[in-house]
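These features come from TrEMBL:
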- 1-29: region 'Disordered' (REGION)
- 78-100: transmembrane segment (TRANSMEM)
- 105-315: domain 'Ion transport' (DOMAIN)
- 159-180: transmembrane segment (TRANSMEM)
- 220-240: transmembrane segment (TRANSMEM)
- 288-312: transmembrane segment (TRANSMEM)
- 432-696: domain 'Ion transport' (DOMAIN)
- 436-455: transmembrane segment (TRANSMEM)
- 467-491: transmembrane segment (TRANSMEM)
- 503-523: transmembrane segment (TRANSMEM)
- 535-556: transmembrane segment (TRANSMEM)
- 581-605: transmembrane segment (TRANSMEM)
- 671-693: transmembrane segment (TRANSMEM)
Amino acid sequence: MADPREESEPLLSRTRGGSARHSPAGVPSCHSIQVGPGAVARRDLCLDQAVVFIEDAIQYRSINHRVDARSLWLYRRYYSSTSQWTLSFTIFLILALAFIETPSSLTSTSDVRYRPAPWEPPCGLTEGVEALCLLVFVADVSVKSYLVGWAQFRKNPWLLAYLVVLLVSLVDWTVSLSLICQEPVRVRRLLRPFFLMQNSSMMKKTLKCIRWSLPEMASVGLLLTAHLCLFTMLGMLLFPGEKDDRRDRQRLTYFRNLPEALTSLLVLLTTANNPDVMIPAYSKNRLYAIFFIAFTLIGSLFLMNLLTAIIYNQFRGYLMKSLQTSLLRRRLGIRAAYKVLSSMTAEGEAHPGGVGVKPQDFLQVLQKVQLDSDHKQAIMEKLHSRSGDLLSADEFQKLFDEFDKRVIKEHPPRPEYRSPFLQSAQFLFGHHYFDYLGNLMALGNLVTICVFLVLDAHVLPKDRDDFVLGILSCVFILYYLLEMLLKVFALGLRGYLVSSSNVFDGLLTAVLLVLEISTLAVYRFPHPGWKPEALGLLSLWDVTRLVNMLVAFRFLRIIRSMELMAVVASTILDLIRNMRAFGGILAVVYYVFAIIGIILFRGVIVAPGNSSLAPDNGSAPCGSFEQLEYWTNNFDDFAAALVTLWDVMVVNNWQVFLDAFRRYAGPWSKIYFVLWWLVSSVIWVNLFLALILENFLHKWDRRSHLQSLTGDLGATSEVTVELLFRDVLQEPTEEELAEKLSHHPHLQLCR
């Protein structure tokens, strides 16, 4: 098994056995120049090293990279927002080419009956864009290889694979141009998702965790296979069928041969064809139900849930391991910055306080660090509040604890009114009870909308009397406007805009007001028998429906007023933000299977009447691909392939796809769809479920601890996940930090 310490080694890293002898020859280190004109250059180098190490700590990056002046300049340019956005856009662009390349997805529908001939780009257009993307990737791998050094490049499998993928892509690109874009298969399209994976360390960790879980998942897979085969043989023995029995012929649609029986039970494992597969046998003898119930109990309810439990057990510590690794990287980066800055003090004038970092040196470094102004201000205030001349290692570390807190902007002071009446009004409309009244009005508005939707469900638009609905819409919108103005009066304009919920309410109120004024201008004021649907470009019902949709969004404000809902909602939002790596893994799997599906099944689904395999809907069996009119589900272009894979992943009626592609493409097509089901529905969905449980349970259990940290559950949005779990994470020891710094491949410190 691989060394578990490798989990903390990111892309830009070096083996722990490296030493300073690998530093570039002739490049002055932070300690190589003692006196003379080079002292200024040495000081600037030390400051730049500290700046980069602190930025590495902020972004949880490894510090194992070159630290000479030229490399530091290149390193900061590479990790600048411009460079990273350029790289991300390039990855997005090369992946998006699949929608434009032949077969193009630029049609209004994917239905084979109505789809027009798509626009196909001329040869060389998409290839030119792809060439620019590949050049960016060549530059990317070149910079990474230089920054980590040749020795590490040869030992890093991701960098080597990066180089191989680029070489294969360039060769395949050359072949495409030489064949005038008429090649049957483009191998490089299958390799494009690699560019997305290699740029995300979290995706690499996820793949590694999946690899660790494969043996346990394989053991359950073998049990599932044995279970499936055993019941398939039992089914073939129980349902042999008789030629003169109509009901037996019906049963033989599911068990007429071994492949069909195996497929029927595999689909039953997902409950997609339940109870259809059981009804023919059950209609003849009720005891046959025992067979299907036993199969479902053992397979679906026991073995499949056992697989979920195994995956959850493997990933139970995934979040903690990730946070522990992030904490180690941050502590190591900050300690490296401290060592560099303290070495400047140690080699300078003597200080009675011993070795440490000068506050003025730290402030000079802080000004160069790419950090938002709010955090910089918080760190400087914490620095000025301390006493003493030099910063110790512990004090230096505590300054950066501000990274784990989202800076809370202070509310501007409220307007001061001299009139007692205005002061009372300000207190009344600035109280949180006034928010409760607004929530009650929003609830009443939503209930009103629902009532009218139910009453008018069976009434044609031309027969509706919209007088009451129009009056109520005016009343509620006027209240929203009045509420906004009163809050601005009580809090002040700046105080009103500080709250994101107030901004959200204000924007929706403004849009609602504009729509209402437009409605009154076109249709006049509501009156009994008001039916102005024939006036204007939009009918009254269309405008009212748009207004009602916005009111429904405004009702979301009630979530933050309910403590339990607020905790759940904030947890879900945090999960969405922290699940990008697993969403990326799913995108990669979708991309690869969609390209393979296009290669295998492009053009096999034909419109009805164009082939003997595609009968008209009237003659198609009930529940078949043709009778259900699933003609939009095909692999004729990339967008259609993605939707088809999604429909199969949901496993609702996926037996229809298995049967259709078996008839149109051949029985081997089942292998493709079963593999997709295993990868997407079995592995990825269970993995995603396990990770959601892990994250949610941890955050739910930690909310009481968070309350002790912040004093208020409403402050959840003002701390990071790292601070939330800080007391359960293990702080790196001094020996561990010193050992890792001593093995830094490019940094020379006085020891």
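Cβ coordinates come from backbone N, Cα and C, glycine included.
Long-range Cβ contacts of the transmembrane segment (78-100) within its own chain (Cβ-Cβ under 8 Å, at least 6 residues beyond either end) map to 55, 59, 61, 106, 121, 126, 129-130, 133-134, 136-137, 140, 143, 147, 189, 192-193, 195-196, 199, 370, 591, 594-595, 637-639. Outside the transmembrane segment (581-605), and at least 6 residues removed from its termini, the chain residues within Cβ reach (under 8 Å) are 95, 98, 103, 112, 185, 189-190, 192-193, 196-197, 200, 202-203, 205-207, 210, 614, 631, 633-638, 641-642, 644-645, 660-661, 664-665, 669, 672, 676, 679-680, 684, 687-688, 691. Taking Cβ pairs closer than 8 Å, the transmembrane segment (671-693) reaches residues 210, 217, 266, 270, 304, 307-308, 311-312, 314-316, 318-319, 575, 579, 582, 585-586, 589, 593, 596-597, 600-601, 645, 648-649, 651, 654, 657-658, 661 in its own chain, all 6 or more past its ends.
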